[in-house]
Amino acid sequence: MAVRIDGKRISKEIKEELKEEVKQFKEKGKHICLAVIQVGEDPASTVYVNNKKKACAYIGIESQSYELSESTTEEELVDLVKSLNNSSNVNGILVQLPLPKHINEDRIIRTISPEKDVDGFHPTSVGRLWIGEKGFLSCTPAGIIQLLKRSDISIEGKECVIVGRSNIVGKPMAALLLRENGTVTVAHSRTKNLKEITKRADILIVAIGKRQFITSEYVKDGAVVIDVGMHRDEEGHLCGDVDFADVEPKVSAITPVPGGVGPMTIAMLMNNCVETVRR
Ligand code: GUN
């Protein structure tokens, strides 16, 4: 029987630890504040933003909410981010993505001060990650490392295969697994013989955005499978990039969707917010 890696439990554990740490910072007069910016009213973004604000409240972090209209200009958003960069009351800045099409996302990300970049998306944060310097880690990959560590799954010397090469998950995931001394392969949509490569994996991380794409034919007996996908099946139930029912009997450990990687992303965002005052 495969172990189901319980992201809900592990994220709760991390949030409890952070809550205690924040309490101790408060006793020393150190306050933490996260600015959360949403442009427009995309319903999925609203759910994510609300969950982030709720997590802040739970842990004892102040959240400042900026709900801007869809018609906000790039210049207006740049000005807001710059003013938050300069505000000594604000520790972290989060601009919820995606932004409306008329705003250059890349420019906004680069405007956030790397010292307040709690998403870890700024090129400075990305560079620090790859050279092993201290900096903010991208939340989803950092959450996956915590899932593995807190499930006593060692990474050192393991064949780690990542399917997907996005800037938010695949690429930073490769850097983090490398840092943990894994042997890392990044496969993607142009990869030939994908099955041959994924079958080598001791640890398989799937972030391709295709519903239930990875079946048992793609995995080695006893592998550890981490599913970053989030979709709805024909019946409207949440499911991942991995065909869970088909893959689970073959593997040693697997993350469910929901309740696997998802809850970890917010826990690691909270960790990055606390990191702003640890420094
Ligand atoms: N949109 C989807 N995921 C994320 C995330 O992790 N951070 C931000 N800022 N926007 C997102």
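Cβ atoms are placed via backbone N, Cα and C, with glycine included.
The domain 'Tetrahydrofolate dehydrogenase/cyclohydrolase catalytic' annotation in TrEMBL covers 5-119.
Residues or ranges marked as domain 'Tetrahydrofolate dehydrogenase/cyclohydrolase NAD(P)-binding' by TrEMBL: 138-278. Residue counts of the domain 'Tetrahydrofolate dehydrogenase/cyclohydrolase NAD(P)-binding' (138-278) by helix, strand and coil are 53 helix, 26 strand, 62 coil (DSSP-based).
Feature annotation from TrEMBL assigns NADP(+) binding site to Gly164, Arg165, Ser166. Cβ contacts within 10 Å of Gly164 (NADP(+) binding site), excluding its own Cβ and spanning all protein chains shown: 22.
Confidence across the domain 'Tetrahydrofolate dehydrogenase/cyclohydrolase NAD(P)-binding' (138-278), taken as the mean pLDDT and rounded to a whole number, stands at 98. Excluding Gly164, Arg165, Ser166 themselves, the residues of that chain whose CB lies within 8 A of the CB mean position for the NADP(+) site are, in sequence, Ile162, Val163, Asn167, Val169, Gly170, Lys171, Val186, His188, Ala207, Ile208.
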